[in-house]
Amino acid sequence: MNYLNETIDSLNDKLKSGAVSADQLVKDTIANIKKTDEKINAFITVDEDAKPAEDLDFNNKLAGVPIAIKDNIITNGLKTTAASHILYNFEPVYESTVVAKLKAAQATIIGKTNMDEFAMGSSTETSYFGDTKNPWNLNKVPGGSSGGSAAAVASGEVVAALGSDTGGSIRQPASFNGIFGIKPTYGRVSRWGLIAFASSLDQIGVMSKRVKDSAEVLNVIAGADDRDATVSEKEVPDYTSFLGKDVKGLRVAVPKEYMSDAVEEGVRKEVEAQIELLRANGAIINEVSLPHTKYVVPTYYIIASSEASANLERYDGIRYGYRAEAKNLDEVFLKSRSEGFGDEVKRRIMLGSFALSAGAYDKFFLQAAKVRTLICQDFDKIFEDNDVIVGPVSTETAFDLNSEISDQIKMYNNDILTISANMAGIPAASVPAGLSETTGMPVGFQIMAKRFDEGHVFQVADFIERSNKFYEQTPAGLED
């Protein structure tokens, strides 16, 4: 079963009518993943023992539908590695809240997708389990850190997948792979069972080829959770109710900082075309400014690395994961961490440890926290007079494998247009705008809204999807 032309609704219809059984769907999905993954390496683990839930109720849209999970989200009894050597053999004994909710909705968890190690990266090249390839061009990166989930959806291995987004890790790979991806409001979806990178920024979200499929999945995974104190108890609306609407009268802000000369010409043209589409259909377009955008990258890397250095202290080679051979306890700690973590993870641990040190805390971490407040205030001000903010997801389309992995500054700057949404805790998504005329690769259109206003994000994304029908295009890298 290849899902390039399938949706959750179409699968639900086939299962309900008996055109395909849930058991056969699982078998066909696994067979297709094995075949396709020889090219793209989207999965770290495929659950070959996966079985659909018993007594399926097809009033549940996800009943019997195979879903992929990013490998930093805990799955009970199914290996969860965070794409790291230090967790290469970790098999959890409990379930993350989002996976428990998917199973309660009778979805089938089909496997765990590749990612940058501990979600630290923008290309899925830091994985201990090898690079993932972009289905549109196998010589290009799929983006990161949720590159495996994005490639799995774009290649038709699954109809939807969960990802996580700390600074753009759902939206950038969604953009690079020509699919939809949404990072909900911080606190909209439980992080219980998400392997922490930066706890004040991390958020689980959804990736799918079609906007409605992500809305269906978010309907299931969103909402309160007693085990996560940061989750909001606000009522979760039916996100599909925001689909099928026009954009007449919608107030759309376009930050001038997001349309600078740093944006590739091919990206700019596709984004501008979507803005003009909104204008032509009655949206009110307002040019605005996010004046602290120039500070977001250093601010983010100080805060995120500081939180990461604390979160990753728990990996010591004693309780679980990789343990190096050593002569004494001190050597176990030292060798297990130095051998178990990759270079990028160690780089961020060192940066974070320095920023939190007594001599640097006030100068770096405290200052970054203050700038974060200013970034949040920039967004609050714009949302006083606007419903959504739009622009590019990335300044460029998918770049060549191995072309930026050794240039940390260039790699870190890949997040310059996505980080702010995490800083402000607002919902943000990428929807395909088209193909760049200069590179022939997909371009993502970013949509942001105020906190807990995912509805406007879905409304605009769905309108663009219905207008350009990008989902009808097939990734060129899959052609034999």
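Cβ atoms here come from the backbone N, Cα and C positions, even for glycine.
Quick look at what Swiss-Prot lists:
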{"type": "ACT_SITE", "residues": "LYS70", "note": "active site, charge relay system"}
{"type": "ACT_SITE", "residues": "SER145", "note": "active site, charge relay system"}
{"type": "ACT_SITE", "residues": "SER169", "note": "active site, acyl-ester intermediate"}
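Feature map: annotations from Swiss-Prot on the structure.
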| residue | record | DSSP class |
| --- | --- | --- |
| LYS70 | active site, charge relay system | strand |
| SER145 | active site, charge relay system | coil |
| SER169 | active site, acyl-ester intermediate | coil |
LYS70 (active site, charge relay system) and SER145 (active site, charge relay system), Cα-Cα, nearest whole angstrom: 9
For LYS70 (active site, charge relay system) and SER169 (active site, acyl-ester intermediate), the CA-to-CA distance in whole Å is 11
Neighbour tally for SER169 (active site, acyl-ester intermediate), based on other Cβ positions within 10 Å of its Cβ: 37
